[in-house]
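*Asks:* According to TrEMBL, the protein carries these features:
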type     : residues : note
TRANSMEM : 12-32    : transmembrane segment
TRANSMEM : 84-109   : transmembrane segment
TRANSMEM : 116-142  : transmembrane segment
TRANSMEM : 154-173  : transmembrane segment
TRANSMEM : 185-204  : transmembrane segment
TRANSMEM : 234-256  : transmembrane segment
TRANSMEM : 268-286  : transmembrane segment
TRANSMEM : 302-319  : transmembrane segment
Amino acid sequence: MKTLFIKYSSVIKFILTFLLVYLSLSVIYKFYLQFSDGSEFYPDYFTHLVGEQSKDLLNTFGYATEMVPHLEEPSLKVIIGNVYVARVIEGCNGLSVLILFISFIVAFSGRLKATLLYLLSGSVIIYVVNVLRIVILSIWLYKYPEQSEFLHAVVFPAIIYGAVFLLWIFWVNRFSKLNQKMSKPVKYILLFILITVLVLIRWFENELFYDPYLTFFHNDYLYIDSPRREVLKLVAFTVLRYVLNGLVSLGILYVVFKDRNIIKFSALVYAMAFIILICGYLYFVINPKQTDYYFFFNLRRFLIQPVILILLLPAFYYYKLTKGLK
């Protein structure tokens with residue numbers, strides 16, 4: 001174990017730096033939400049701005065759109081042609097995703113000027129992609145309302161997280177001067193199958209797992225009461241989901257890198273992360289406080305989504321590239 005930690009010390013440094021920056025920015029954003037009363041910009045400045053820009057773009061595309069304040073919750077109703085098609089809540093403003101992106105880039109920071117320029121340009125790209133995502137999905141929901149579940153469970157997160165992942169890979173790859181050979185087709189087939197499994201876990205989450213927080217966090221959770229839940233059953237299904245995502249993620253890492261040491265180290269990361277995350281998860285589940293919902297949302301994200309995989313893939317990719325250049 002000690003040998004693995006020494007060998008992958010650069011990966012460990014990246015993970016710790018990422019967590020430090022992510023936690024710091026999350027605390028700042030939490031205070032921003034806490035002091036946003038919605039009196040001038042409803043429900044808060046950034047969500048209001050994203051909503052207005054999405055409305056303007058929809059109108060430009062020929063869809064008569066209004067953004068109307070929701071009377072029962074702090075959100076904006078998307079009205080297209082007098083039809084209520086969607087809501088824009090705090091979680092739609094993209095800032096939580098920007099925090100992920102910024103934390104990653106800072107953890108992999110290079111020269112100050114290049115890092116700052118990439119942070120700025122990448123943040124602008126993510127912001128624009130997020131607005132386009134809202135516009136596209138609003139149009140899609142307007143035309144095909146029966147596909148709401150598929151859009152929110154698969155398409156909605158895939159667009160924004162896919163953009164972030166591509167920006168991460170581009171940033172990591174800037175260190176590389178290697179010309180790697182194209183992998184065999186079977187590798188891509190296996191990757192497609194494994195990624196499809198992750199997508200299916202997300203798509204059928206309501207059928208596969210008992211989790212009252214799925215609906216809770218799809219709403220404007222910062223302003224509503226915690227749902228009723230069976231704690232033991234909830235924890236058991238959350239653990240099951242983490243294990244399933246973890247096993248598939250380890251499979252993806254093996255297919256990509258074909259390195260058993262990477263898999264052993266990744267398994268250790270998953271095990272250690274699980275102990276920390278599940279302890280925090282239990283605390284928030286047993287002691288629900290409205291002031292803690294944002295922290296709970298972010299911690300839970302690492303348990304039920306393959307976020308750790310999204311971090312480890314570029315981290316090991318960078319490790320391999322730098323190792324190959326020595």
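Placed from the backbone N, Cα and C atoms, the Cβ positions cover glycine too.
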*Asks:* Contact between the transmembrane segment (12-32) and the transmembrane segment (154-173) is defined here as three or more C-beta pairs under 8 Å separated by at least 6 residues; is that satisfied?
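*Replies:* Judged by the Cβ rule, the two regions do not touch, with the required three close pairs absent.
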*Asks:* Are there residues at least six beyond either end of the transmembrane segment (12-32) with Cβ under 8 Å to its Cβ atoms? List them, or say none.
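*Replies:* Tertiary neighbours of the transmembrane segment (12-32) are 5, 44, 95-96, 99-100, 102-104, 106-108, 269, 294-295, 298, 311, 315, 318.
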*Asks:* Is it true that the transmembrane segment (234-256) and the transmembrane segment (302-319) have 3 or more CB pairs under 8 Å, sequence gap of 6 or more?
*Replies:* yes
*Asks:* Using a Cβ cut-off of under 8 Å, list the residues of the same chain at least 6 residues beyond the transmembrane segment (84-109) that approach it.
*Replies:* 14-15, 17-19, 21-22, 25-26, 29, 33, 43-44, 46-47, 49-51, 54, 67, 70, 73-78, 115, 118-119, 122-123, 126-127, 130, 134, 137-138, 141-142, 145, 160-161, 164, 167-168, 171-172, 217, 219-220, 222, 297-298, 307, 311, 314, 318
*Asks:* Any residues 6+ beyond the ends of the transmembrane segment (268-286) with a Cβ under 8 Å from its own?
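*Replies:* The answer is 1, 4, 15, 229, 231, 234-235, 238-239, 242, 246, 249-250, 292, 295-296, 299-300, 302-303, 308, 312.
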